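Asks: I have a structure here, written as structure tokens, and I will follow up with some questions on it.
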């Protein structure tokens, strides 16, 4: 193990950590769980009754097989009846707007009934198959339409322990139980058993292990290759009779089943990624939990309360909101003022459409290279990729080294081929190579993708994440980024975009390095603890050597990285930098872009590892209500010194603004070059310049508005969503570029059929298979290439097109 840092580096870390207090001191709120009674709900329960429910429906099952259904919004009795066949000691699990009831019957030690109401509000009773081997029920949960039951096959003795795990697919026509891996050890008493995001979690008392946690991986996803049971850390409490529910995207909240010696019932929070427990709060004295009900947008707790009897209460977890200081806001305003000043400076030089779109094709190669990386990075890199590394490992980073060999393909083949054509819109290549219809179709697709996909996501991601941890209004953040970027892009043109990108790219790199340095420096064990924790949790793993298509294996990530880099030819915001750089400096541009791409990938993955080690050491600073993508801004507002935190928050905004400005400028260019010139072939340069400026303004306002709509969507991972949208809308046109450059035989009909077919291939992969989402873009592009080429061979068309300069076999001199 590495125990010490070099003396100079230790001093730097110490200086940064002691420079000043964090932007907002962490508040150790040990009573962060609040309860509020639901008016009118008072229940009469006996110790043998069982309660469960979901949404607005509340079920009470009695020992005599009778049951009642109560509507929580009104407090009224909605239904009452009796279970047939009778089930003793019933236990209910909410499922599919109803309840799966488990208990013992005259025919089976474990009987199952699905109770639900049909469209006419009539109660339906569906008998489910009993488990094999006379399994006695012990604990159960539902995940993704599959019922998991933990039980014992000992049928002639009292049920004292259990280690058999079985699964019943509830949506299959012929339901059949499947035996899964046996739990290593026998759990006693009543454990906590629940599902969360493709995992089962079991917290219980074990005969040989004491209080212990286990997780069962239902199937390998993301970067975890193992299935089955995995041992977690020992529990700091007795879980017997406890109740739990998932919170946010990575926490489980557990209400202990037994009060302590003072009559207080502690509330625990478990973070699944760092495998850590904290005491989240406590229930008031005399309040005993009886059940947890998970609603559509709320969590409710059934409690027995002194003086009130049995009541239903709403649970509110307080988010850890840390307000920024005045100094932070001043720093952010200075940064935004600098961006606006750059736009105003270049506004004086915008006297032609080519100046506005390409900077007169005379942009500095190093500035264009930094701008290219900043445009592609965005807030997706700054927040979503560290969050992926935080939750998984380095498999997303390793393929970045393929940028080195890809550099030679770009610098010596692809970029020179396109630059010699003197294009303004990259889709003009499709007109020259295939047919004008493909140019306009691809250009329209790009405009739709930029306005309704790319701009909205990169604008929304930082606004949402920063709002949750700082309290900044999402609308204010969206308006601030959107309007400011629109102004300096509309008035300053392409050169304003380039030079603001340079500032924003440097700020991104500096911010990521600073976050990593402070996080590692704050660890009690320093750099040695950083290494030890990430090794223990396998965060340094960088490749999955498997042929399992549900995982991001090294093979598909290698192919995906190659395809992703080739896709830049069909991305107007990126390739516009190539068109704007002098032809003799294209190789330098490619080199700078490659260097910056590797650098940003390295530092953002380092951020993920550093924050993982940090929050493992300080789990009380995590927010149980947060989503995965909020890890970085949460760390910033809690641990970065005053003033510097404002600069880093500005870096998060910068990551989005660089992409936004590029999208606005490129869409304005496409509107003018691909459509306005088609409609008005004798248009003046002045009219095109005015159109570009007005288009930038309109596009910026529309993209900002769409971000509001997306804020209401439940997005598990912005990075995943981004890749799905990219594959669906852009993959096919990337394919026809590739097959067009590397083949003389492909014609326009084959290219169009291939592009359309690729959309169907991606939709099939997404909705009809369990294939990992990282495969979507490679599927889209490769299917387009193959189908386009084969179709062109099967349907040969005579063409008189001159392919000089359009393929690698007909290079222009």
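In case you wondered, yes, glycine gets a Cβ from its N, Cα and C as well.
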Asks: Looking at 474-494, 663-683, which stretch does TrEMBL describe as transmembrane segment?
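Replies: It is 474-494 that TrEMBL annotates as transmembrane segment.
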Asks: Select from 297-319, 366-388 the stretch of residues annotated by TrEMBL as transmembrane segment.
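Replies: In TrEMBL, residues 366-388 carry the label transmembrane segment.
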Asks: Residues sitting near the transmembrane segment (474-494): Cβ under 8 Å, six or more positions beyond its termini, same chain?
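Replies: Distant Cβ neighbours of the transmembrane segment (474-494) are 336, 339-340, 342-347, 349-350, 355-359, 363, 459-460, 462-464, 466-467, 500, 576, 580, 653, 656-657, 660-661, 664-665, 692-694, 696-697, 699-701, 703-704, 707-708, 711.
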Asks: Cβ pairs under 8 Å only, please: of the recorded stretches 438-468, 506-527, 635-655, 690-710, 773-795, which one is richest in them relative to the transmembrane segment (749-767)?
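Replies: Against the transmembrane segment (749-767), the leading stretch is 773-795.
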Asks: Under 8 Å, at least three CB pairs between the transmembrane segment (326-346) and the transmembrane segment (690-710) (pairs 6 or more apart)?
Replies: no
Asks: Pairs of Cβ atoms less than 8 Å apart decide it: which stretch in 394-418, 438-468, 506-527, 589-615, 635-655 has the most with the transmembrane segment (690-710)?
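Replies: Maximum Cβ contact count belongs to 438-468.
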Asks: Are the transmembrane segment (635-655) and the transmembrane segment (394-418) close, by which I mean at least 3 Cβ pairs under 8 Å that are 6+ residues apart in sequence?
Replies: no
